[in-house]
Amino acid sequence: MKRLFQHAEIASEDSPKLTRADVLVEDGKIVQVAPSIAAGEGVEVIDCSGKILLPGLFDVHVHAREPGQDQKENIRTCSEAAINGGVTGFVMMPNTSPAIDTAGVIKTVLESARKCRIPIYTSGAITKGREGKELAAIGAMHAAGAVMITDDGYPVGNPVVLRRAMEYAKNFGLIVASHCETMELSGKGSMHEGSKSYSLGLEGIPAISEEICLDRDIRIAQYTGTHVHIQHVTTARGMNTIRRFKEEGVKVTCEVAPHHLIFNHEDVGEYDTNYKMNPPLRTKEDNAALLQGLIDGVFDVIATDHAPHTEFEKNSDFGSAPFGITGLETALPSLYHYFIKDGKFGWDLVVKRYSAEPRRLLGHAPVPIEEGGTAEFIVFNPGATSTFSRDFMKSKSINTPFINKTLQGRVDTVVLGNEVLLSR
Amino acid sequence: MTPRKDLLDIQSLTDEELDFILTNAVPFKNLFKRSVKKVPTLRGRTVLTLFYEPSTRTRSSFEVAASRLSADVVNFSVSTSSVVKGESVLDTISTLEAMRTDYVVVRHSNSGIPNLIAKNTTASVINAGDGFHAHPTQALLDVFTLKEVFGGDVRGARIAFIGDIQHSRVARSTNLLCRRMGMHTAMLAPSSLIPRDLPQDIAVFGSWAELYAWKPDVIYLLRVQMERQNVPFFPSLGEYHRQFGMTDDRLARVRDAGVWVMHPGPVNRGVELTDNVMTYERCLIDQQVENGIAVRMSVLYWLKPGSATEEAVV
């Protein structure tokens, strides 16, 4: 089976400039990348004029909700949502019900994952039941296939437990991913503590809740010599703390979510629960600082924190609604619409931070569009638009600020090996 | 003026709407002097009070206001077990729709619940206090009272809010409306009860000495909301009274300066104020209560429930 992607603009992590080329795929391999390739007999030709080819995206922070919460999502629907957004691999978070905290649950979810059309990986919990008290069976989970450990959704509140977890994880080369929040400071907060939370009369989550925990977790990682990955950073001060520790040589990586680059706490408007997430949307100044941090390379990866919830749960008052928004299907169009289109950053940054580096984080090789490589890429159409209607979305849940809104740019095609997973 | 279905906060009111409500409260208040204190304005309409939080004065005030407009008043019984469940609120909304209620007066401990209800019903929703968010009719009655005191024009007058600013929807709404009416506002409270990111032009004081120097015309004492403080914000009620309450000594100084005193009630005697404040000749607490009925009548008269608007079109 041969497919020829003609007249495409190829994106790579090495250059902000796109390269015009044709790409020939045969039996799941990229066999030729050249300025012009003639279509031979029996070759399926896909005209990519005006479109961008970029390596398949990889998301290290996804809530697939399986096991236990399949009214929100399951691994299969999550994988289809990922494909719909151009994501060809992701890492599940362990805050399921029951939590993914044993080798048995790891095996179960990986069994479900194997039935999907893209590779899916899972993290395991740091502590049993994510309760922050006793260490989970970290070694056994690693042996069963866990690629990182995290209690995401919660921090490990007790620094001694975190220290021991980090020391122990080192034996297995596991990354310890950290949801940074000082729960006592967050209290019953439901959005960023600031002028907007005051005017809405909502309890706030102060920036220091995240910043104090972030500082603590990196210091413990520094002390133990463990690789810590800081999840969903939202404040300029927190980001600068990471920058400083990185300069000191501490093994710390971090991620930023598209929604924390695009939206701020004012967007909550009149109690729109599709803007309720944890960590919360911060200030406009934080947006700008985070964007600069992404461009400067403080952030290693972009990750969505895809967090599906049912309409029923979100159709509640702001304080009672659950935290979290979906992101897999909106990430790339939103990055294009808000940043690339206006020249704030180039395609190379997306390839590096949302495809290559996330794979490297797990010790996997990136999937550049070059001869000899496996075909794992997407065709993005900047001339088209995406309207995030219920019909468009493949996730079971539609809790996103973009619901029924239209953004410039659309994922037209997703190719993985010999399969075309998506074709619009 | 475009018909308005709901009253959820102060911010969304236009100047014209504000003027309409405050102006029309005057004839409604005059009605109270008559032997028959009732007009047929809302005959055939149903006002439902939906209070998820305990309240005596606000609920009674709305009941009296509605009955003086000849509306039928129904109290919806809300079990305390359903308070924290968003689902229960949505179920209640379905029930309201089935009952064809014209007005829903709602109080809830969660901010934004009246907004949620308003989006899901054709009835006119009046926010009677939600979480720490808003209490628009309290703000309206407070400003109505101040206009009476200052001869109709409150511009330039200085009002200081004292107490639990952090947890007070009254402080938010009344302060906002006072500023909008051209008043200067200040706040005095323990720093732990002053929210961060207040608007820059609100003066914030840490002591009565600073407040005296500011020369307030009105002091608005806020109720210390112990039930909302899940962690201590100050050492004790006794210390609060000594440091921030209106003690007899402070009352004497306030009396000498001719300062008006307000309080939204219910009063914590010995905490926000001493008993003597209640008999102080410039204490406006009773006047606030009386004006509350007139202002709420005006609000009910002003709002146009979905069903009423449809009738008007037909």
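A Cβ is built for glycine as well, from the same backbone N, Cα and C atoms used for every other residue.
Whatever TrEMBL says is automated annotation, not expert-curated.
Keep in mind the model is a prediction, meaning the values are calculated, not measured.
Residues or ranges marked as domain 'Dihydroorotase catalytic' by TrEMBL: A:50-235.
TrEMBL lists A:HIS61, A:HIS63, A:ASP152, A:ASP305 with the feature Zn(2+) 1 binding site. The DSSP secondary structure for A:HIS63 (Zn(2+) 1 binding site) is coil.
A coil conformation is recorded for A:PHE323 (substrate binding site) in the three-state DSSP classification, outside any helix or strand. Over all protein chains present, the Cβ of A:PHE323 (substrate binding site) has 17 other Cβ atoms lying within 10 Å. Taken from TrEMBL, the feature substrate binding site applies to A:HIS63, A:ALA64, A:ARG65, A:ASN95, A:ASN278, A:HIS309, A:PHE323, A:GLY324.
The Zn(2+) 2 binding site annotation in TrEMBL covers A:ASP152, A:HIS179, A:HIS232. A coil conformation is recorded for A:HIS179 (Zn(2+) 2 binding site) in the three-state DSSP classification, outside any helix or strand. Other Cβ atoms within 10 Å of the Cβ of A:HIS179 (Zn(2+) 2 binding site) number 24 in total over all chains.
Within 10 Å of the C-beta of A:ASP305 (Zn(2+) 1 binding site) there are 28 other C-beta atoms, taking all protein chains into account. Per TrEMBL, active site is recorded for A:ASP305.
Spatially close to A:ASN278 (substrate binding site) yet at least six residues away along the chain are A:GLY153, A:GLU181, A:ILE205, A:PHE323, A:GLY324, judged by Cβ distances under 8 angstroms. A:ASP152 (Zn(2+) 1 binding site) has its Cα within 10 Å of the Cα of none of the binding-site residues A:ALA64, A:ARG65, A:HIS309. Comparing A:HIS61 (Zn(2+) 1 binding site) with A:HIS179 (Zn(2+) 2 binding site), their Cα atoms are 11 Å apart once rounded.
Per-residue confidence over the domain 'Dihydroorotase catalytic' (A:50-235) averages out at a pLDDT of 97. In sequence order, A:HIS61, A:HIS179, A:GLU255, A:VAL256, A:ALA257, A:HIS260, A:PRO279, A:ALA303, A:ASP305 are the residues near A:HIS232 (Zn(2+) 2 binding site), counting only same-chain partners six or more apart with C-beta under 8 A. In the three-state DSSP scheme, A:ASP305 (Zn(2+) 1 binding site) falls into the coil class.
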